[in-house]
Amino acid sequence: MASAGSLDVPERGHQRPFLIGVSGGTASGKSTVCEKIMELLGQNEVDHRQRKVVILSQDRFYKVLTPEQKARALKGQYNFDHPDAFDNELMDRTLTQILDGQIVAVPMYDFITHSRLPETTTVYPADVVLFEGILAFYNQEIRDMFQLKLFVDTDSDVRLSRRVLRDMKRGRDLEQILTQYTTFVKPAFEEFSLPTKKYADVIIPRGVDNMVAINLIVQHIQDILNGDICKWQRGVQNGRSQKRTLPGQGDSGGLLLQGKRTHLESSSRPH
């Protein structure tokens, strides 16, 4: 992606992108997993207009807050983890345009002021799009666009510690962070995000630390980029994928197999 400028860039021949949804709780490592996939595919060094794989975050689609909502947000009293916090109409429209091979201007969001910025980021046509967010699977219309759904399953204590460190870097005090977590973040995860885990085709315990899972996913994205998309599309109709099982560490096969949803290893501790 690039900061918005001229959009009159010659488009590549239209080929419907392979859309991968990546969900999981706050600070579970979703964006880190996506970034590691990009790194292993060698896409970080490629010009943004020529990248075959791009990452898009659900965080960019937070609604514009009213003055009253923004005042509450600055006090840590607004629920950003609720489905109603997102502009699902804009999200749906943007993903549809991306699937149609269009060059798209995507909103930018300031997490310090809780504001949608006037600047946008340009997303150019790509072969594979990774869309990550805490509620990426919550809305059915959006969920059904994904041809592959990954759920990053990280221990709740680890997620909390990461959240504290991240929010303190954004200038928030510890008491506000913990109050927001217990009041909004944890209940919203249990009510809205965790139940969508059942829609995942692949569950990735421990996030980016689980390199067995990451390497297998990278391997199959390479298959897609090499034109061998049929490995993924067996059983896929109208953007929906059946539950599949990836080969385990001791397996030599490289195909995704239809069957139960993949859980690449047991979580060390349940949520």
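Cβ from N, Cα, C; glycine included.
Worth saying up front: this structure is predicted, and the values here are computed from it rather than measured.
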Candidate from Asp201, Asp209 that Swiss-Prot assigns to the same ATP site as Gly24, Gly25, Thr26, Ala27, Ser28, Gly29, Lys30, Ser31, Thr32: Asp209
Determine the Cβ neighbour count for Gly24 (ATP binding site): the number of other Cβ atoms within 10 Å of its Cβ. 29
Thr32 (ATP binding site) as reference: those binding-site residues from Asp81, His114, Arg163, Gln180 with C-alpha within 10 Å of it: none
Is it possible to get the count of other C-beta atoms within 10 angstroms of the C-beta of Tyr109 (substrate binding site)? 16
Packing count at Thr26 (ATP binding site) (other Cβ atoms within 10 Å of its Cβ): 22
Rounded to the nearest Å - Cα separation of Lys30 (ATP binding site) and Arg163 (substrate binding site): 13
